[in-house]
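For reference, the structure is listed below as structure tokens.
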Amino acid sequence: MSTLIQELALRRTFAIISHPDAGKTTLTEKLLMFGGAIQMAGAVRARGEQRRTRSDWMAIEKERGISVSASVMSFEHEGLSYNLLDTPGHEDFSEDTYRTLTAVDSAVMVLDAAKGIETQTLKLFEVCRLRDVPIVTFVNKVDREGRDPLDLLDEIEKTLALDVAPVTWPIGMGRDLKGVYDLLRDRVILFDPGRGDHIAEIAVDANLDDPRLDEAVGKAAADKLRDDVELVRGGYPEFDLESFLAGHLTPVFFGSALKTFGVAELLKGVGRLAPAPLARKADSRTVEPAEDKVSGFVFKIQANMDPNHRDRIAFFRICSGQFKRGMKLKHVRSGKVMAVYNPVFFLAQSRELAEEAFPGDIMGIPNHGQLRIGDTMTEGEDINFLGIPTFAPEVLRRVRLDDPMKAKQLKKALDDLAEEGVSQVFKPLDGSTWIVGVVGTLQFDVLTTRIAAEYNIKAGFEDGGFVTARWVFADEPAEMERFMAANKSNMAQDRDGGLVYLARNSWQLGRAGQDFPKVRFTATREQH
Ligand code: G4P
């Protein structure tokens, strides 16, 4: 078997989706601990703090206690290579979050056992569902009193219209937590609170009838477990791999990230069940990961944390082939060839020079702005990967320049930031100043702070009278001309010259659609 096929079978590229406070950070730390990538709990947070102090705009993250920028963490466990892509969990997240989810093959959905599905969980789940991304569920915080597990399963099933197949089942909860039962392998994993924050799992090879189960957890808990399991086995489907891979069924694990309990089972579950890198659709064909030639796409751009250095890192997901450092790749959008000499891997503690990489791996490619979100690179073939969308912004503001002498620099700043995917810039066709659009209002604070810190320009954002934007298309150019003539003060262009209709309210948008039935309005624009 070729190295490529062997290596790609070992890759698991996933993200954690959750509502703030469900325990994503804690779980990430514990996963990295299992991967040997960090030595102690608290390191992810500590690393975050250290990073945040490095640049002014990061102060926003610190102030609000949220992580605005996402990152990638790679680690190994039991012979598998995991790439964990972090998605910011705050409600006011940016498009980064959505696009990060386009680069994964599976996701772990973390729920708080006391809260179940929350708003952000639902939003992120819906993004995953667009591509039928397989979801593994982790019900966290069972070391505290939570809701009845059966109740939680029903909620997942109903709210997400997803079949649920419990893989582990809690034995007790909160103060009475005794362990979990592995339904697939018929064994008990005991919770050992005495071991505190460390790996606290002991497995007992006891099935449900085994009297050793009563010894291990007590008769009452054992009997309750027997009843529960009967209900679960009778009421829920068995785990079915095909259905999971198609995004129709989620295996459910119970545990406590804080107490490192049930986490090893979860990680093993991801390793065993979640898919290796999958085939990806491009405009002219589907690209298989085992193809010899390297291909991939950029799903995120991050500016250098140091404002004195203007270089950026493009996060590049490899979709096929074996990448070797120094390789020349064709940047399909510009047609130019780029030698990738200094790619980086995002190991949990440091950036390391990547000598080689395989499908599923994420590589950071430093560049000076040539690479944009959605760009494809190949060994020569002209293809473009699909499905990395730009979303119509949900909030629009007009930019206000406090120092008119700096209009040019401001334009540059807005373009740079738009290239990073922080925001979108629209130029109204009536010649008025730029309209900037973002997915969440928090992004305006980020923009103002970064424009001041990195470009030394004082600018602000004010109400421009528009509430929403849609890209517009028409098959007949004459129809588009008629539409534009009728809506002069609503028309703008995006950075690529794409035509955009800016609406003052939803009624106006509806009306424009009725008046011009041959014009198509879209809320997303694919990069290609
Ligand atoms: P997030 O990234 O999803 O926002 O959640 P995070 O891991 O920061 O966890 C949110 C809070 O929940 C933290 O408490 C954390 O310690 C707690 N937590 C996470 N997992 C578990 C668990 O399995 N059991 C219990 N009981 N608590 C858990 P905090 O008080 O807000 O923060 P901290 O002061 O502990 O850092």
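The count begins at 1 with the first shown residue.
Each Cβ is built from the backbone N, Cα and C atoms, and glycine gets one as well.
The GTP binding site annotation in TrEMBL covers 18-25, 86-90, 140-143.
Residues or ranges marked as domain 'Tr-type G' by TrEMBL: 9-278.
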Contacting binding-site residues for ligand 1, chosen from Ser18, Asp21, Lys24, Thr87, Val142 when the Cβ sits under 6 angstroms of any of its atoms: Ser18, Asp21, Lys24
Three-state secondary structure, Ser18 (GTP binding site) (per DSSP): strand
Cβ-Cβ neighbours of Ser18 (GTP binding site) (radius 10 Å): 25
